[in-house]
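Per Swiss-Prot, the features are as follows:
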REGION    1-64  region 'Domain I'
REGION    65-144  region 'Domain II'
REGION    145-154  region 'Flexible linker'
REGION    154-206  region 'Domain III'
Amino acid sequence: MIGKLKGVLDEIGEDHCVVDVGGVGYVAHCSARSLSTLGSVGTPVTLFIETYVREDMIRLYGFRTVLEREWFRLLQNNVQGVGAKVALSVLSTLTPSELANAIALRDIATVARAPGVGRKVAERIVTELKSKAPAFAGEAAGAIGLKQDLGEGVAPAPVSDAVSALANLGYSRDIAANAVAAALKSAGEGADTGTLIRLGLKELAR
């Protein structure tokens, strides 16, 4: 099994790249996010690989970080109806920490933004991975803490709305969720959307 490729970027396609390792070109299928970070042809590149072996083919999936590869495995191994194509679509739309945030906040709509992922599949992703997401949270510690504060239910509308509002102002969902987590601790669980946004912005201004 191939676990990592380190070589020179030889080609970038719509959903894959070719890495030249010692004169041998390896085709690795990647998320759009991974492809966008590879740089130009001819530059050194390292990919963490997930190898699929079937009777009629061997397919390599490449990831820029070990965390992204772990989420690729997690999605397929734990969520019914999610294969490699859907997993790559999710990871093309959301970073690992954004995905962990969405699961922590039970933000089904954010997960459903990925092409080919309807609400039912997004709901399964959120439900099936809610207990596993903390171990793969990456930078999403604020949202994980927020989820623990809220308990097992769906995040109240003011919380989800506040995160979305801060994200619409240009902050990443990671940063927005962390700010709302701090705001919620300060204001209490009964806080409305406006209060959470105001306190969240105050937190971001520090």
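Note that Cβ sites are derived from N, Cα and C of the backbone, with glycine treated the same way.
Sorting each residue of the region 'Domain I' (1-64) by its DSSP state yields 5 helix, 40 strand, 19 coil. With DSSP classes pooled into helix, strand and coil, the tally for the region 'Domain III' (154-206) is 39 helix, 0 strand, 14 coil.
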